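Below: the structure, in structure tokens.
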Amino acid sequence: MYRRLLRPALFRLDPEDAHHLTLRALGLASAVPAWPSLVRRLTAPTDLRLTQTLWGRTFSSPLGLAAGLDKNGEAVPAFGALGFGFVEVGTVTPRAQPGNARPRLFRLPSDEALINRMGFNNAGAEALQGQLAAHFARPVPVWVNIGKNKVTPNEEAVQDYREAVRVLQAVADAFVVNVSSPNTPGLRALQAAGDLAALVRAVLDEVEAGRVRTLSRPPVLVKLAPDLHPADFEASVGAVLEAGADGLIIGNTTLRREGLTHPRRGETGGLSGRPLTARSTELVRAAYRLTRGRMPIVGVGGIFTAEDAYAKIRAGARLVEVYTALIYEGPGLPARLNRDLARLLARDGVRHLTEAVGVDL
């Protein structure tokens, strides 16, 4: 139904207008008390082979919603009802900012991809805190992706990340330190090993300082870009590990454009979707080797099928996330991926998802 009816209608709209319309509808659905729980009864993953516990939290599925789709936490209950094992909101900055000028989001249907140059448009940490506090009954863990404001120089970036943690710690089940978006000038420079280690330590210190006040100690993950030179990637992974972070997300959008066919392939911004499938899996495998399996890895990039997700798990990911595929495949995608992933495990005689992690090294 989505591919035949809804997607053609949405794809006639400007991509960002379609995004806002969809979020508004899901936000309204989230406000209906019985709707999310009713839908989740139909879509929630039930195969125990997919369930795992990480950082003291239970994930009913390894499949999560990646950051960027629900920046301000407007539709968390609705996304949780679709069959995701967790939902990542943001990127959020301490202070609200409008992001880059429109148009800033582009579909590339022939490549099953998106290009965005959004620029961390969001309502700010205080607004997100209010939204998440209102969703007191959460069907799944909610992660918060944090970044620095555009006007904040890199030398002061640490304070922005710390401020975001202070405001949001009580409502975050995990923090994701975003230093890899290509759409905020200078942000990716924070991936340099020395700067990254200092930033991660500062965020961990802030989380520890807020532990008594919030009665929570959310894990801290770091999201890296897929465009790093191999030596820089190795140094950044080492810095994250040495600083004591709790996990890695591999990776963000790419500036590469190899193999694209759509006329809008030259738009400035980060590319996501099908063109990243192989590259992101390769980087998950590299990160798993570098960490020797000591740090949970979340694989992101080009996941459209259960086979795509399974490949990342076998490369070393404990969890995976989707975004672009949801735009192309629709709201039935999470439940379908969960069912198909369980079938793949059964086909291979895998008793539990964790047995498949890293087997393809």
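Cβ coordinates are placed from backbone N, Cα and C, and glycine is handled just like the others.
The FMN binding site annotation in Swiss-Prot covers Ala67, Gly68, Leu69, Asp70, Lys71, Thr91, Asn145, Asn178, Lys223, Gly251, Gly273, Gly302, Tyr323, Thr324. According to Swiss-Prot, the feature substrate binding site maps to Lys71, Asn116, Arg117, Met118, Gly119, Phe120, Asn178, Asn183, Asn252, Thr253. According to Swiss-Prot, the active site, nucleophile annotation covers Ser181.
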Out of Lys71, Arg117, Lys223, which has the highest number of nearby Cβ atoms, where nearby means within 10 Å of its Cβ, if these are the binding-site residues?
Lys223
Residue with minimal Cβ packing [other Cβ atoms within 10 Å] among the binding-site residues Ala67, Leu69:
Leu69
Measuring Cα to Cα, how far is Gly273 (FMN binding site) from Asn252 (substrate binding site) in Å?
11
Within 8 Å of the centroid of the Cβ atoms of Lys71, Asn116, Arg117, Met118, Gly119, Phe120, Asn178, Asn183, Asn252, Thr253, which other residues of that chain place their own Cβ, given that this set defines the recorded substrate site?
Gly68, Thr91, Gly99, Ser181, Pro182, Thr184, Gly269, Gly270
In the three-state scheme derived from DSSP, which category covers Asn145 (FMN binding site)?
strand
Using a Cβ-Cβ cut-off under 8 angstroms and a sequence gap of six or more, which residues of the chain neighbour Asn252 (substrate binding site)?
Asn178, Ser180, Ser181, Pro182, Lys223, Leu224, Ala225, Pro226, Gly270, Val300
Based on the record's binding annotation for substrate (Lys71, Asn116, Arg117, Met118, Gly119, Phe120, Asn178, Asn183, Asn252, Thr253), what whole-number value in Å is the widest Cα to Cα distance?
16
Three-class DSSP secondary structure - Lys223 (FMN binding site):
strand
Determine, from DSSP, whether Gly273 (FMN binding site) sits in helix, strand or coil.
strand
Rounded inter-Cα distance in Å - Asn145 (FMN binding site), Arg117 (substrate binding site):
17
